[in-house]
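For reference, the structure discussed in these notes is given below.
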Amino acid sequence: MESDKNGPARQENDIAEKESDIRYWTRVVCPSVRSLLHAAGSYTAEDIEAQMRTLREVVLPDLGPRPSRAPGPSYLFQGGCPFQLSINTTSKANAVRYVWEVLGERGHTSDDPLAMQTTRDTVSRLSAKFGLSTKWSDVLLSALELTTKEAQKAVEKMPEWILEHLEKGAVVPRIKNLPFGFVAFDLKESDVSIKLYITLKAREIFTGKSAADVIFDSLRNFTPAFKPEAIDMIQNFLSGLSEKMPLEVIAIDCVDEAHLSEARVKLYCHSTSNSFNTVKKWLTIGGKVKDENTLKGLQILRSMWHLFIQKPEGIPDDELETPVNLENALKHRMYFSFELKPGQDIPQVKTYLPIWRYAPSDEQAIDNFEAAFRQCHHPWGEDGTYGRIFRNALCAPPIHGDLAYIYCEKRGVYQTIYVTPPLLEED
């Protein structure tokens, strides 16, 4: 009888705690999202309210317990928040997107140490709600998942792996878990387009072997099919690098069955070099891609490179290796992504810089980004506009996370700036 009495009471307490969790994440996340939606200038008032409803109803419950109840912090982004905002800027329009680590109630508990089952459950829930195909996600999750015991073993092996990959002189972080799955929403008017990201590192830490072959074998069996030559181009390039296990994350567009032929796969990799010659090597895929679009994009990027690596005075040559902030840092200096589409001959390559590792302060980063915007004739470079937008969206530093760059003839310079809301004191 005692258990019967306690059952409803526990249930009521669980409901109350979950409501408190959502109130907390509402305070952390919603003001920044609303602020950037307004600043983008691309959304009507009705669009903004629709996007805020989607955020509250679909995303906030998936962020898991608030920090005081969570089994451990999120390590996906700087500052411990499992949610990151970004804004895509071009000369024609700006767009907001966000990404969150899939945690839910059970993620990082003993039942689901790396939130792998939680990721699968979330994918199933989103696919049912938005009518998405799971053909690609099922293949990737099955290829990269571990059992509960294997996941726990991977967690136990993490300290050794971190020491091996840490910058010399960096502070050793006390990491208790590892991100596995995260989801992104690109906000398009009142709708969203969805991406799923899955990290390879848990499997690699557990097995001690690269998971790249597993990924490339999976891609070769996807339908609609990718061109084997495009997959080979990426695989051969990566196998010729000095970096050990450079492939970090795979992402897929989540679409309905009828639009799989238009969906993309993106492969995210790290580089331990940050010279501009390294950028050239990656963007041309080892010198194999030298079309007019790629070369023009490189020329424009070179003209702004000193601003992105926070060297406004300029750099002497393309061999320069720029020192980075060392605290809690792996040996990763830059990131690149390869984008594949079914039937596409040549992958597209995008450059990513972890700005928090380069900028001595947010104020200097703001000055440098405003200078870069002026070079692109973007209005955010004028009269301190960029600085005001991000100070309004994020009440406390650090503001800057990462920067992404790609050029295409249709859209011109396409930059994405990533920012993470700070965690707040709990009520």
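Cβ atoms are placed via backbone N, Cα and C, with glycine included.
Pulled from Swiss-Prot:
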- R97, K195, R264, K266, Y268, Y352: substrate binding site (BINDING)
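Swiss-Prot feature annotations superimposed on the structure.
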| residue | record | contacts (Cβ under 8 Å, 6+ apart) |
| --- | --- | --- |
| R97 | substrate binding site | L85, S86, I87, N88, A184, F185, D186, L187 |
| K195 | substrate binding site | V99, V183, A184, D186, A251, I252, D253, C254 |
| R264 | substrate binding site | I252, D253, E339, L340, K341 |
| K266 | substrate binding site | I250, A251, I252, S337, F338, E339, L340 |
| Y268 | substrate binding site | L247, E248, V249, I250, A251, Y335, F336, S337, Y352 |
Counting every protein chain shown, other Cβ atoms within 10 Å of the Cβ of Y352 (substrate binding site) number 21
Among R97, K195, R264, K266, Y268, Y352, the record's substrate-binding residues, the widest C-alpha separation in angstrom comes to 18
Which secondary structure state does DSSP assign to R264 (substrate binding site), in the simple three-class scheme? coil
